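Asker: Quick one: structure below, then a few questions.
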Amino acid sequence: MGTLTGLSTNIGALLASMIGMPQIFGTKNLWPYGYFMEMIPCLMLICYAIFILHESPLYFLKQMNENAAKESIQFYNNWKNDRQIDEEMERLKIQQKNNNEKKSVKNIINWMKFCNDRATRRALFLSILLNCTVSFCGIMAMVFFGTALLGAIGFTSTTASLANCLAGLSGTVGIVIQAITIDKIGRRFLLLGSLISLILINMGMMILVWAFGQYHYSWLGYCFLLLFALFLFSFSIGIGPVAWFIATELAEPYCRAQLQSLSISAQYITCFLCPIIYLPLEELIGPLSFLIFIIPLIITTFSIYYYMPETRNRSAEEIHHLLESKR
């Protein structure tokens, strides 16, 4: 599901870059229409959520509404067989009972669990770190200032916009490959490979921007475009989509919702902060502004290497034990 979320986000960003091209809505007079286009999928989602989607079966079971829970199971699974629905209801009741007992025994209903349990605390740390690194790996600069970066390296406004759009295709290719390989290679390997690649690419971009400022060689622009495409590919094949779901794999079932909420909230907050910090920093120190991405990537790479276990094909209990035992 995290991979599909990442793919959807990537396709949305690609479409947005197309809409923002000067040939479409990227002009002084037409740019407001880009926001009107943005409203269309938002309104579609709101209408779909209000009039079609159901709450989860577990939510209805907590509300003691079994009929609504059965309708929800039938809606999401497209089952017509009453026996299948009843079996799923029994399974969910057992799951709910076990979760309630576990919460009662371990007293983990409150948020102090994150401070008391070593494995949960480490899972929270790794999840938030990864999601913050998503914002501070350079992707926000590429999304918000991709055209400006390409323009600064020698492209015209039209060619920079087109190059930005075409480079986005590499991200789509990366996430499709990631969807195929993630259960064969593993999360840890993909994350480390992605993080190391992004460090090297950011360093390469920093050097190219500095070199262009010094020598103004036109061919440096094409080298930068290549690194730009490699950046989007490396991001999409590893840290980008993995950050969306890693919290649910690192955490035990009873605290997954809290962990996922905190980690995704951290990503959204830092996504807002990154462009605000990067733009004035870029104007102040020029190419050295890439250090704002390189340093967090290095810190996260070492943290993942030393503290994060492989979660592929492992149960929640095994992952909890590995997180607890890692020093």
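Including glycine, each Cβ sits where the backbone N, Cα and C put it.
Whatever TrEMBL says is automated annotation, not expert-curated.
What TrEMBL records for this protein is below:
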type	residues	note
DOMAIN	1-312	domain 'Major facilitator superfamily (MFS) profile'
TRANSMEM	7-25	transmembrane segment
TRANSMEM	31-53	transmembrane segment
TRANSMEM	123-155	transmembrane segment
TRANSMEM	161-182	transmembrane segment
TRANSMEM	189-213	transmembrane segment
TRANSMEM	219-247	transmembrane segment
TRANSMEM	259-278	transmembrane segment
TRANSMEM	284-307	transmembrane segment
Asker: With an 8 Å cut-off on Cβ pairs and a sequence gap of 6 or more, do the transmembrane segment (189-213) and the transmembrane segment (284-307) reach 3 or more such pairs?
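Answerer: Counting Cβ pairs under 8 Å (6 or more apart in sequence), the transmembrane segment (189-213) reaches the transmembrane segment (284-307), since there are 3 or more.
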Asker: If you average pLDDT over the domain 'Major facilitator superfamily (MFS) profile' (1-312), what do you get?
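Answerer: Average per-residue pLDDT within the domain 'Major facilitator superfamily (MFS) profile' (1-312): 83.
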Asker: Any chance the transmembrane segment (219-247) and the transmembrane segment (123-155) have 3 or more Cβ pairs under 8 A, given the pairs are 6 or more apart in sequence?
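Answerer: Contact between the transmembrane segment (123-155) and the transmembrane segment (219-247): present, because at least 3 Cβ pairs are under 8 Å.
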Asker: Can we call the transmembrane segment (284-307) and the transmembrane segment (123-155) in contact, meaning three or more C-beta pairs below 8 angstroms at a sequence separation of 6+?
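Answerer: Output yes: the transmembrane segment (284-307) sits against the transmembrane segment (123-155).
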Asker: So what's near the transmembrane segment (123-155) in sequence-distant terms, Cβ-Cβ under 8 Å and 6+ beyond its ends?
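Answerer: Same-chain contacts beyond the ends: 13, 17, 20, 114, 161, 163-164, 167, 191, 195, 198, 201-202, 205, 208-209, 212, 216, 218, 220-221, 224-225, 228, 231-232, 235, 239-240, 242-243, 246-247, 250-251, 259-260, 262-264, 266-267, 270-271, 273-275, 278-279, 282, 290, 292-293, 296-297, 299-300, 303-304, 307-308, 323.
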